[in-house]
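Per TrEMBL, domain 'DUF112' is recorded for A:18-436. According to TrEMBL, the transmembrane segment annotation covers A:20-46, A:53-71, A:108-130, A:136-156, A:163-182, A:202-221, A:352-375, A:387-405, A:411-427, A:434-452, A:467-485.
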Amino acid sequence: MPQALEYFLMSWTDPSLLGLIAAGTFAGIYIGALPGLSVTMAVSILISFTFTWDVNAALALMGGVFCGGVYGGSRSAILLNIPGTPAAVATAFDGYPLAKLGEAGKAIGVSTVVSVIGGYLGILVLAIAAPMVSEVALMFAPRDYLLLAIIGLLLVGSLSGDSLAKGLFAAALGVIIGMVGLDPLTAEGRFTFGLVPLLNGISYVAAMIGFFGVAEALFQIRQLGTAGVKQDVSRILPAWRTVFRFLPLSIRSSVIGVIIGALPGTGGDIAALIAYDQAKRTVTNPSRPFGQGAYEGLVAPESANNAAVGGTYIPMLTLGIPGDAVTAIMIGALFIHGLKPGPLLMVETPHLFWFIVGGLVLANSFLLVFGLTGIRLFTRVAECPRGILIPIIILLSIIGTYSIQNSMVDVYWMLAFGILGYFLKVYRFELGPIILGVILGPLMDVSFRRAILSQEGSTLGLLSDLVSHPISAALTAAAVLLVLNQTPLWRRLRRPGRVAAL
Amino acid sequence: MRRLIAGVVAGIIGMATLPAAADGFPARDLQGIIMWGPGGTTDKLARVLTPIVEEKLGRKVVLVNKAGGSGAISAQYVHARPADGYTILYGSESPQIHGVLGLSNISYKDFVALAIFADTTPTVLVRNDAPWKSLADLVAAMKAEPGKIRMGSTGPAGTAAIVGTMLKMSAGVTYADVPFEGEGPTLTALQGGHIDFTPVTYPAASELIRSGKVRVLTVVHPTPYAPLPDVPPVVADYPELAKYLPWGPFQGVFVRRDTPPDVVGALTAAYRAAAADPRFVGFVKDLGATHILVSGAEADALVTRWQSITSWLLDAAGAAKVSPASLGIPRP
Amino acid sequence: MTNSPPLPGERGFGYALVAASALILWLAFGISGLSSASSAGAFPMAAAAVMLVSAIGIVHRNRRRPHSPRPPTTAPRSVRTGTDILPREVALYMAILIAYVVSLEHVGFLASTSVFLLVSLWQLHRRSAVTLLAVAIGVLLTIQMVFGTLFQVQLP
């Protein structure tokens, strides 16, 4: 154990490692905040950049960028309604309304603090329970991923605003967008019309930037005359009281985040969506109604996506299996530096584990510092005159979309989605469910078919599996409960109970 | 800094004009398209090779994973890019059978190999707590319950499907084919017990085998395989497979065949030098693959032999949707 | 809100959604027909069917709402005061946007982006030429630095 402590503190006492983590975290925040620049991209660039470095230095820098980037996505989600990263989609649901109310400063303050809380909790789980969690993660069968996707999609019910039909339509449209391209299992073309540019499908980041960023920018042209929202910057640091109030929700969301992050097939984006759903269902008296600037709607996804960072390291360090796209690249980095990521990594190079844990704790501490400074400057963005802000948002959206995979096809899609999104907004459709469909649809499709194929194509066999395995049974029960809970019958049953409880 | 700005400016000009002459190639950064997802053999090799190539070329090769469609997505994508040598395919063998599987008519005849640098050997794996101690045990189980045993595969043209076909043909078994996006996810599913066995290449599984979490039932190799001396080769049970062996996925880098020859020359020089670099050779060995180094016509011979064996194998098994004869693929 | 009269063009939009959903369902059917639950086309068909059913639901709801010549009071101010759903400046800006994206590929990044920035700033902001120019150059330089140089994105 003293040796573990020594490794843990390695990055704390070495000035150059300390500096690298600080620099990585700082850069990560801005990479995350810019739509289209992703942590995945930054970390893959860093691989060749750090090729000749010592492995510890490379991992320190990458860890910092990872933590900073996941957090940074919330900045643009709150200020501009463009999630900087897919993991920040849910953050925009309540974060942007807060900026419209002039509370962007406080929103960023709160999201910083809960991000760091989530980050620490994720690392704590990584440090004390990594082998156990990875065992559980391996037990998730294709059918369980299917159930997770279903649970995530049930969020449509709470995101649909006043019309469930419109919400369902939007979600199904999102699913269809996610289906375009060659089917990953059989390589059959779907909605490709034999056109090569369509074979690779539509990047979900392009859909996200179009439906959120460009649609919102176009919509704002209608309100050109009105000035930018004056932001209240008097109370940026959240009071201890506020933090304690949100702490239980933050912890619950972090637990969701770390588990979903640890699953090899899912990452921070799905974690944040499910945590948001959870918050919406369990918080009985939010600071404002959800979707109109509830701080609870900010706390849940931001805790969850940062907790997911710790989670994604779990399968990577214990089994050599990537928890998401970023850790997949880090595994490559370990290989390049002569290490052997696999089940024996922790046995043969135990110092690596504690070094990474120590580095992540440090990165999250830097996150608190960098996140809480300079907020005043950031909130100016929301105060910017619309006439200047709109062209910049559009330009960033276009370049950001292009840079996902250097593809103009993505830009055309993004633009089409922006224009379609504008009309949908005018006719009072919620756009959140579309992104939900784009993110979860492909996971649901592939998991469903894989689950059926494991049962020799028998749907009946799949159904019996859903109740006979412990994890599946628990997830099935959760899904059924969530559906019931949205029906009028349930509400009627529940109402007298609640009155009695009061 | 000045070099960077010059590079950016040159890049902008380069994009605006048609593929320029090769002197000064590469004038901007390149893009490397990896055929499979992160964590697989192709991905690991690409990420180790590329920094060395970048040293030789003096330019970045920005790597992007484009997994899916049994590798057809990446091949189609690179083929649809301009033939200017700026988009490089880091691929494995599967485009060679897209034709007979009716997936795509693009194969390595449409590309020129800058270097083929690794050859791999498939192994058949089960979990360490599985009841089957040998290939014969597994075959017996598949015969006892036809279609019940689940095999993890990487799609209809992946290594797993081909090895599965060899077993189908020689042992007359059937199984449930559960496809995944790559060897990494397949191995994850095997460890979780969501599939019963999977044929994967040795490099993808070497760490798992070393840790004892999985058991190797056989190696698809004509003789005992050096890194796994105690494992019986598949020909011990099914000698008729010998005519196809050695057979295994290869790894290489490709550009479109109609790329200007001087560009191909410059790229081939850089990739060959990198692939012969001791750092890379050592890595290929560590990974458990066999290091080879062929380019151009020599590489064409290798990929054609592979295509002929595999296509006719699939045809004999009834798995080919398009007859190899109609595609002009000669019999092995 | 559901009982408020429909916005201008809302019924037509509903019918367009039904038509689009039906088309997508037909395309989805074409992928692999009704072969099996694990086929490539099964899930797209299910999603398209959900689209179609909900689009019909939306149309049905629209038809039941009272038709009134006066726009609803709950709509955004611009919708209430203008009868149109697509104000002139939004339509114009959409056109500018499409022209910009198309020209990106043909004219190159720097030239088309400078023109786009100047035109859209002038269109939306209407300040002195010096301010516009300063903002445009500042934005362009920053983007070139961050994306082009730092992240090696090969801008079109």
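Cβ atoms are placed via backbone N, Cα and C, with glycine included.
What TrEMBL says about a protein is an automatic prediction, not a curated fact.
What you are looking at is a predicted structure, and each value in this text was computed from that prediction instead of being measured.
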Between the transmembrane segment (A:387-405) and the stretches A:53-71, A:163-182, A:202-221, the largest tally of CB pairs under 8 Å belongs to A:202-221
Check: Are the transmembrane segment (A:53-71) and the transmembrane segment (A:352-375) close, by which I mean at least 3 Cβ pairs under 8 Å that are 6+ residues apart in sequence?
Finding: yes
Sequence-distant residues near the transmembrane segment (A:20-46) by C-beta distance (under 8 Å, 6 or more away from its ends) are 11, 57-58, 60-76, 82-85, 88, 205, 208-209, 213, 325-326, 329-330, 333, 359, 362-363, 366-367, 370-371, 396-397, 399-404
With the cut-off at Cβ under 8 Å and a gap of six or more residues from its ends, the chain residues touching the transmembrane segment (A:352-375) are 4-5, 7-12, 17-18, 21-22, 24-26, 29, 55-56, 59-60, 63-64, 66-68, 71, 105, 108-109, 112-113, 115-116, 119-120, 123, 126-127, 130, 233, 236-237, 306, 309-310, 313, 317, 339, 345-346
Between the transmembrane segment (A:411-427) and the stretches A:136-156, A:163-182, A:202-221, A:467-485, the largest tally of CB pairs under 8 Å belongs to A:202-221
For the domain 'DUF112' (A:18-436), the averaged pLDDT of the predicted model is 86
